[in-house]
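**Q** So TrEMBL says this about it:
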| type | residues | note |
| --- | --- | --- |
| BINDING | G46, S47, G48, L49, M50, G51, D69, E134, K139, S161, N185, K318 | NAD(+) binding site |
| BINDING | S85, K92, S161 | CoA binding site |
| DOMAIN | 41-226 | domain '3-hydroxyacyl-CoA dehydrogenase NAD binding' |
| DOMAIN | 228-326 | domain '3-hydroxyacyl-CoA dehydrogenase C-terminal' |
| SITE | H182 | site 'Important for catalytic activity' |
Amino acid sequence: MLSAARRVASANPASLMRPLASMTSSFSTSSSAYAPTNVKNITVFGSGLMGAGIVQVAAQNAFNVTMVDLNPDALKKGQDIITSSLKRVAKKQFPEDAEKQKQFIDKTMSQIKTSTDSEAASKDADLIIEAIVENLKTKQQLFAMLDKVAPEHTLFCSNTSSLPIGEIAKATKRTDRFGGLHFFNPVPQMKLVEVIRTDSTSQDSFDSLLDVCTRMKKTPVSCKDTPGFIVNRLLVPYMMESLRIVERGEATPQDVDTAMKLGAGFPMGPFELADFVGLDTMKFIVDGWRKEGKIDDNLVAPVKLLDELVAQGNFGRKSGQGFYPYNGVGGKK
């Protein structure tokens, strides 16, 4: 699992916590049977690691998918991410059959279209999934525009890991057809999807999102629209308390990581995980939660150690230095 995490060291902030997500999915009590829906065409906005991963999984499971990005170079990079991932999947499924590998890749890629035209890409969509930058205003602007051009029946959802779904939905006139689908990175490998409903999300819309997840061969867990949903709501305070332990001089990052891996069975210690996620991402999340005022202040109180590292530009793996130093490919030095 740790080696897989290294392969995605530059993960999108929206993917927040891969290792613990895998544990969470194993405890899911959600039913696998949901009312079948007519969702056939999915449009995904964003072609980064998360967007490309969602596109790949949808295409592998017979959905017609359009990947949208205003930047043609970003679209090309997204296609390359998908192709590389499919090659790995094909080799694993058909290790001795090059022809079947090619057929698998070609069939999946035939389900995918790309576009830089948001309106054209939305006109036939049954479901639109947003996986763009983690910024509330930017997401609201996107959905306000899409609300005017997408068909009335189209479901909207965001892949945000830390922003309120209800606040994003307010930019539209279809709050009853708006929810959250929080995938985890790397999407093709991670089974868990947090399916978030707001107070306005209709039961039919929510059931449709659950059904889409099962058709993607994912394990959905139902969440209310609360800060961090399930995984991050539990994980971020745990990581913040780990920082406080070190800041108080009670233990070193190395000892805390060793203790949690060997004592609690976690695949990554909290400081390794913080470096993987990005210290700037952690700070962004806790600062946002404090501003919302919906979580106990003691759980998200500022930690000087974190603030100093971020101010110095030491974000973790992506910058080459966090609590640990890293080489150019994200491995520890």
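We number each residue from 1, going along the chain as drawn.
Using N, Cα and C of the backbone, Cβ positions are placed for all residues, glycine too.
Predicted automatically and left uncurated, TrEMBL annotations should be read as such.
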**Q** With helix taken as DSSP H, G or I, strand as E or B and everything else coil, how many residues of the domain '3-hydroxyacyl-CoA dehydrogenase C-terminal' (228-326) land in each class?
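**A** Going by DSSP assignments, the domain '3-hydroxyacyl-CoA dehydrogenase C-terminal' (228-326) contains 61 helix, 4 strand, 34 coil.
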**Q** Return only the integer: C-alpha distance in Å from D69 (NAD(+) binding site) to H182 (site 'Important for catalytic activity').
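**A** Spelling it out, the Cα of D69 (NAD(+) binding site) and the Cα of H182 (site 'Important for catalytic activity') are 19 Å apart.
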**Q** Let's check the environment of G46 (NAD(+) binding site): how many other CB atoms sit within 10 Å of its CB?
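**A** The answer is 24.
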**Q** Over the domain '3-hydroxyacyl-CoA dehydrogenase NAD binding' (41-226), what is the model's mean pLDDT?
**A** 97
**Q** Counting other Cβ atoms within 10 Å of each Cβ, which of the binding-site residues S85, S161, N185 scores lowest?
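**A** Per-residue Cβ counts within 10 Å for the binding-site residues S85, S161, N185 bottom out at S85.
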**Q** Ranked by the number of other Cβ atoms within 10 Å of their own Cβ, which of the recorded positions K92, H182 ranks first?
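**A** Of the recorded positions K92, H182, the most buried by Cβ count within 10 Å is H182.
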**Q** Where M50 (NAD(+) binding site) and H182 (site 'Important for catalytic activity') are concerned, what is their Cα separation in Å, rounded?
**A** 10
